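Listed features, source Swiss-Prot:
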BINDING   9, 41, 73, 87  substrate binding site
BINDING   9, 10, 17, 88, 89, 90, 98, 123, 124, 125, 126, 127, 128, 129  ATP binding site
SITE      17  site 'Transition state stabilizer'
C-alpha cells in the first residue's frame with residue numbers, strides 16, 4: 001500500500017489546497033493530510049478547527065485521513081509508516097524553499113521522498129494569507145475557499161455574510 005502525507009498549516013484550507021489533496025488522493029492508496037500545530041505561530045483557526053474543516057471538505061475522499069501533528073514532519077511520517085511527502089508548488093519561489101526542505105528531510109530520514117505537484121493554474125496565485133486579508137476587509141472569498149467554510153472564515157473577523 002502506497003501512503004503519502006500532504007502537510008501544511010491550512011489556516012484556512014483553500015481551493016488550491018483541496019485541488020492538491022484531490023489529485024494526491026488519486027495517486028496513492030492512502031493520503032494523510034497532516035495539519036501542523038506550530039506553537040510558535042498564532043493561527044486564525046485552532047488546530048482542531050482546521051482538522052475539522054479539512055475532514056468536512058474531504059469527506060467524499062475515502063482514502064484521505066486528516067490528522068494533526070507537531071514537531072518534525074519526518075518523525076510524523078515515520079510514526080505512520082509513510083515514505084512519501086507531497087508538496088504543492090505555486091511558483092518558482094515555492095520551489096527554492098521546498099527543494100531545501102525536501103533535501104533536509106532526505107538527510108534526516110533517507111527513506112522519505114518528496115513529490116512536488118504544481119498547483120492548477122487557476123489557483124497558482126492563491127494562499128491562505130490572501131484569503132485572510134480579503135476576509136478581514138470583508139472581501140469576497142467565495143472563489144478561494146470551499147463553500148463549507150466561508151462563514152467560519154468571516155466569523156473569525158466578526159463579519160456576517
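The backbone N, Cα and C atoms fix where each Cβ goes, and this holds for glycine too.
Taking Cβ-Cβ distances under 8 Å and a sequence separation of 6 or more, the neighbours of residue 73 (substrate binding site) in its chain are 5, 7, 34, 85, 105.
Secondary structure from DSSP puts residue 9 (substrate binding site) in coil. If you compare every pair of Cα atoms in 9, 41, 73, 87, the residues listed for substrate, the longest distance is 21 angstrom.
Of all the binding-site residues listed here (9, 128), the one with the fewest other CB atoms within 10 A of its own CB is 9.
Per Cα geometry, 128 is the residue among the binding-site residues 89, 98, 124, 126, 128 nearest to residue 41 (substrate binding site). In the shown protein chains, 20 other C-beta atoms lie within 10 A of the C-beta of residue 126 (ATP binding site). Here residue 87 (substrate binding site) is positioned 8 angstrom away from residue 98 (ATP binding site), judged by their C-alpha atoms. Take the binding-site residues 17, 41, 87: by the count of other Cβ atoms within 10 Å of each Cβ, the lowest one is 41. Taking each Cβ in turn and tallying the other Cβ atoms within 10 Å, the top scorer among the binding-site residues 89, 124 is 89.
Checking each of the binding-site residues 17, 124, 126, 128 against residue 87 (substrate binding site) by C-alpha distance, the shortest gap belongs to 17. Between residue 128 (ATP binding site) and residue 9 (substrate binding site), the C-alpha separation comes to 9 Å. In this structure, residue 126 (ATP binding site) belongs to neither helix nor strand by DSSP; it is coil.
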